[in-house]
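Visitor: Dropping the structure in here first, questions after.
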Amino acid sequence: MNTILRSLSVNYGSVYELPVHLKTGPWGRCMGSECGPGGSQSRAVWCAHVEGWTTLHTNCLQSTRPANQQSCFRVCDWHRDLYDWRLGTWNQCVPISLRTGRTGICLQGEEGIQTREVNCVLKADSSAADHAICEYFEPKPRQEQACLIPCPQDCVVTEFTPWTTCSKTCGLGLQNRVRSVVAPPLFGGLPCPNLTEFQTCAPRACEGREMVFSLKTSSAAPSRTARQARRRKGKERKGNRDPEMRELIKSKRNRNRLNRLEDDFWNMEIGYQSRQVVCVHRNGSTVSLSQCPHWSLPETYLSCLMPKDCVVSEWSSWGSCSKTCLDPSVPQGSRSRSRQLIRLPTGGGSECPQLEESQACEPEGDGVPPCAAYAWRSTEWSECRVDALLSQQDRRRGNQTGLCGGGVQSREVYCVQANAELLSYINNSKDKQASQPIDVRLCKGTTPSTTQLCHIPCPVECEVSPWGAWGPCTFENCDERVVKKGFKFRRRTITNYPTGGEGNCPHLVEAIPCDDPSCFSWQLVKLEECIPEEDMDCGEGTQTPQVRCVNSEGTEVEKEMCVDEVYPSSVRCVVPCPKDCALSLWTEWSTCSQTCSSKTAEGKQMRTRAILAYNAGEGGSSCPNTSALQEVRNCNEHPCIVYHWQTGPWGQCVEDTTTSTLNTSSSTDKSTCTMGVQTRKVICVKVNVGQVPPKKCPEAPRPESVRPCLLPCKRDCIVTPFSEWTECPISCGAGVNGQKNKQFRYRVIIQMPANGGQECPDVLYEEKDCATPSVCPGYRWKTHKWRKCQLVPWSIRRDSKGAQENCGAGVQTRAISCRQLDGTVADVVQCLKFASSMPVMSQPCQLPCRDDCQLTNWSKFSPCTSDCVGVRTRRRALVGKSKKKDKCKNSQMYPLSETQYCPCDKYNAQPVGNWSDCILPEGRVENAAGMKVQGDVKECGQGYRYQAMVCYDQDNRLVETSRCNSHGYIEEACIVPCPSDCKLSEWSNWSRCSKSCGSGVKVRSKWLREKPYNGGRPCPKLDHLNQVYEVVPCVSDCSQYIWIAEPWSVWKVSNVDLKENCGEGVQTRRVRCMLNTVDGPSDAVEDYLCDPEEMPQGTRESRLPCPEDCVLSDWSPWTPCDLPCSGRGDRERTAFALRLPKEGEDCPVSMQTEPCFLNRNCFHYSYNITDWSTCQLSASAVCGIGLKTRMLDCVRSDGKSVDLKYCEELRLEKKWQMNASCTVECPVNCQLSDWSAWSDCSQTCGLEGKMWRRRTVVEASQGDGRPCPSQMEQWKPCPVRPCYRWQYGPWSECRVEEVVCGVGLRFRNLSCFVSDGSGDGKSSIVEEELCAGLEQAVDGDKNIVLEETCTLPCPGDCYLMEWSDWSPCQSVCVKGQRLDFTPVQVRSRAVIAQEPENIAQCPDQEWQTRPCSNGECYEYQWMGNPQLIWCQRSDGINVTGGCPPALLPGTDQSCDPPCDKPQSFCSEEGVCICEDGYTEVLTAEGMLEQCTPIPVLEIPTAGDKKADVKTSRAINPTLPTTVQPGRAGRTWYLQPFGPDGKLKTWVYGVAAGVFVLLVFIVSMIYLACKKPKKPQRRQNNNRLKSLTLAYDGDVDM
């Protein structure tokens, strides 16, 4: 934002600066027609006063006006794949104090901030792009984050050790005390202090001369041979060899041939080393040897083995590549080369380099074949088995027959070579062979599944409609009317076609023989109006019948077809005169009471009529009696003899002999199979009697008894060729437990035979013994006899002590050769590879001098009679002249016998470790169907758990468990609980449809019998009654229940005119709800099943016409209203005169009309479709493919369901599918693999070894199947084996022979130790034979060092001590939490001084660190009282350093700047904090600004957070990067203060408005709540109480 002060010139040349500046708004959205660069965006630019209001733009300087438009990059969605944020690495953590300027004492750690670069880049070339592009898809990642910088940590040292004794027994000496480093200085902490303190001491004055000179030896010079010495000495002794040299020449001539050959390989040469002996003063200066006359000079020469380096030949050429084929996807092969060993290193020479090396390679050349590719193949799927799936859920159902629906099928998977000449499983070849199976380990990738879900279609049962009515008597065949035999037929249709076709349905036609058949007949439609005779107005007349010609099926045909039939004649009738009795028309004939007639039952029909008006007393015809008002006639007079054809099941498809010759001659394609025929039995059956001759049944509807069929194709068994024989074990020797190793081969059935095809072979697996293995090749070292002890050449040592004798220290060597186990000579390289560590080739030896005592070697210990009883001894004897020497007879110096107690072998066995998992015995379990399903193994029942046994000897040393007569385990029976599945009852019966007309629902349920446990199959979702429901829609036929009204009763006239028998009267009739069938109403049912709106009247009141009055018929039904129901149309009904009135009178109105109103007497109709039902399965299925249905309902416009005929008459569109296929997920149990073999022990020895076995999920559970168990791995302990290892003993003291100080030797032993492998460091030394099978190595280091040079300080030397032990591993921690720094441990060396004047010559002290793991967090704290204060580490050791000096008790904990704010004080940490009851308010720099009282009562509200008030004294180290510590994280867009710091004008206006509003609110509250005056105290109490309730959240308030 540029601030522009515009200068305005006034008349007198003065300058006036207007406080205005140009302001810009944010850039708008990038607009453009195309994606990418080329878009444009704009922003607002205006001139604003410094107080915030907008002024004219001309008041601002236009030359510096910012642009209000710029080009931009229009981002589209596809740019997401092109651009992305690139995140830089976090920079170093910078302390906040560097930003804020606040410094203080660091106690735990210091907060810091680290930053990184975040850029939007183009992915293709990482070029920078506008940040707006990336922000369009993803917010910009943060560029800052909080971090923690540990405080500087000073070097921490232990307490001083006690003062040493004085370095001198007389005179002025020194005492030393030392300490060691336990924590190095970190993060700029103080360096380590002096580790040594000195103080002078003077035990007593020296008597006589003080010892000031000492003999000192130097380190040995490099080895030299005697030949080199001779060249240096000259040739004066060439012909005068010493005795030792003559002995060497003699032995060399007599050396055997083998040793001569070996000498070339080993090339051992004896040489000598020399050292220098000097005399030193106690101040460290060297003086003449004459100053040390009181010592005899020590030996300065020593025999040794000359160092010889290893010598190898040149590399051989590269061998052939192990990969012999071409395929880039196959890993590279390798080739190797080697070099020969010419000479082994001796005498500490350089070790041999690598003798073999290999490199990756690819085959070269033109004739390289392609690599074999391997692929999975599988057999065909087995038959679908529903019982195998059912047995997983309820084994009782697994035995059912006729099961269908969802099931499982399995197959076998094997591996083949894919690019061999592949043959398909079923091809046109004659042999139908498949590829040879090979080792499954060659096939990579996911193994194909071996089981899958399948479906057996459920048979559809045949469903037929009810029987139709009996038809007329007709000829069997109207085209051939030869036989005068007729039948009456009734038929039914198939409503649901079965799976096997119509043959599985019951008979569809029944016939009854009858007489006088006819194919066509006249059918009465109605009778015309009765016409009186001779043009009379009343009296007797006739009714002309209105007829049509129909065939036997009731279909209208041409009238000419009925010419042979008798035409119905006119019917006599009566038109009553005015004085005659008036009767109603006859009702329709009732339904026939019987469907057929027999001797005991005849069919009857009835019709009735009623008296509508009585006749006059004179002149008119009288009314008939009651019996004449009813007519009865016979019906269904045919006898109850019903015939029908009955069919048996279709037989098997057999070859049709009539066409077999044609098939065999013409058919050459084996894929099409020949046609055959099927037959079935067809018989004529008389109902309720049985089979009768076929002539009794009509021939036309006779079902066929023969039909063509397709013969099933023969399928031969197809098997793979045998696999190759498995390889015999490469390792030599017999198999496990001395048994012979086996090899086997197998083949796989990939297609089972069917329909009489070739059967499968019986042998699919063959096994044979492996050939007897040869003797295992093995190698061992053979050691030869030690050669004679060789001394330093006499010419070299002739001036030394004992040179005239052939005695002293020397070196002897021996030859080593490599042998096979059978003793034959082998190459040394084989022993270096396969044999144990090489024996030593040289050793120091001692040739006894004349005065030395010579003894024999120790004998073996004498045997013990029994364990733990008595002693055993071993002996040695003096040899030669030593027997007579007195010093040799000193039994203290030279003991001749040793005695020790007999070993006491007592062993103690005890359990160790935890119990293993419960392990079931091995073995598979066949399921009920006998089909092996992968993972179907024993999963529960009794098993065993194991606990390891450990065996200790009497010295509490671990030994083999066999010593305790134990096989290594305690075994205990245990139970793996079997899973129990959820058990529900069977389905209840379906309830009745909830509606008797239209769509409703029907329900069935199951209830819970047993809950699942132990991982059983879960229950479906149950309701609160532990039931599960199934609801399906249903539709009830609206015409299945109808109202039936009986005839009206005789009039009961209430206003009786005795003369006329007329007047007001009442008629009644019985109305019943009846079940409607195809033959008419049958049984009476409850009235609620019929529609109450359609119930006919049971009574009616009307006027009985008097004689000579007009008599009308009953009203006809109302005519239908015109659709749609608009309210403008009418409907009508009519009546006609049954009896005309006397002359001069008219009949009443015979037509009635009424308007049509919607939902009153006029209705619209529409189809209503129900929801889909649940997936319905066959009764024999539990899952798989089912059918879901929905129903169609006809609904009136007022919402009432009506009969479908109302919608069908309107021909409304039916656009819905009523049935759909659906699937019920099969409840597949979790399928697991077999347990793997037990793994190798996790530890080769010790107490904590475990063996594991694992299994995997082959197929996860589906639906409500049993879930997978949680235990996918099991463990059991390994047999406890002692852990033997080679371990060094402690170094001996530094030894210098015959001198006081200088370079000497120290020694240590290599011993065999045993431990339990627990890592606690406890181990015991045992016999070396127990480590004989181990390679000689200590902690992996094969270079065994048993002696090394050392320096024994001379009197007066200042020297470094030995290294201290490594300190415990320590992590960098803050407040007990480890930071991301590598833990370290430290060791140190302190300085020891002996002479006060030599302190200046002392070396510097040293300390070292090394990384470690699992470091501890230590805290440091001042301890003690004001008189005695020390620093203590949290592990209890007292240290120097580590405790913050600022927290030292008694020191001035001054704060900088001082705490001068009210209610503030300086804390122990040197930070200004507030007293209790107050909280700190900090400045932006983090300094204390004031202490604010904490409100006693405060009602917290959401969002009421003061940015500058801290509620906790802890600083959150993970503050958002946009919020600086101590700063408010909110930006105010309305600034109340101007740039000059004064309140803006609008603030005063707002304040005034708020004040007026508050006065108004207070006034209203006062007027509304004004009460009689009460004591002030009571008011205060009430006020306090309400406040307390509001604060406490009391619910009663």
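Indices start at 1 and increase along the chain as displayed.
Glycine is no exception: its Cβ is also placed from the backbone N, Cα and C atoms.
Pasting the relevant annotations from TrEMBL:
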COMPBIAS  227-236  compositional bias 'Basic residues'
COMPBIAS  237-250  compositional bias 'Basic and acidic residues'
DOMAIN    155-206  domain 'Spondin-like TSP1'
DOMAIN    310-363  domain 'Spondin-like TSP1'
DOMAIN    581-640  domain 'Spondin-like TSP1'
DOMAIN    717-776  domain 'Spondin-like TSP1'
DOMAIN    982-1023  domain 'Spondin-like TSP1'
DOMAIN    1230-1283  domain 'Spondin-like TSP1'
DOMAIN    1457-1496  domain 'Thrombospondin type-1'
REGION    217-251  region 'Disordered'
TRANSMEM  1546-1569  transmembrane segment
Visitor: Check the domain 'Spondin-like TSP1' (1230-1283) against each of 155-206, 982-1023, 1457-1496 and return whichever range has the most CB pairs under 8 Å.
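Guide: Per the Cβ under 8 Å count, 982-1023.
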Visitor: Under 8 Å between C-beta atoms and at least six residues away from its ends: which parts of the chain pack against the domain 'Spondin-like TSP1' (982-1023)?
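Guide: For the domain 'Spondin-like TSP1' (982-1023), the nonlocal Cβ contacts are 393, 940, 1029-1038, 1040-1041, 1088-1091, 1168, 1170, 1191, 1193-1195, 1200-1203, 1227, 1229, 1264-1267, 1269-1270.
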Visitor: Using DSSP, what's the helix, strand and coil tally for the domain 'Spondin-like TSP1' (982-1023)?
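Guide: Output for the domain 'Spondin-like TSP1' (982-1023) reads 0 helix, 16 strand, 26 coil.
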Visitor: How does the domain 'Spondin-like TSP1' (1230-1283) divide up by DSSP, counting helix, then strand, then coil residues?
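Guide: Per DSSP, the residues of the domain 'Spondin-like TSP1' (1230-1283) fall into 0 helix, 19 strand, 35 coil.
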Visitor: Do you know the DSSP helix, strand and coil residue counts for the domain 'Spondin-like TSP1' (310-363)?
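Guide: Secondary-structure breakdown of the domain 'Spondin-like TSP1' (310-363): 0 helix, 19 strand, 35 coil.
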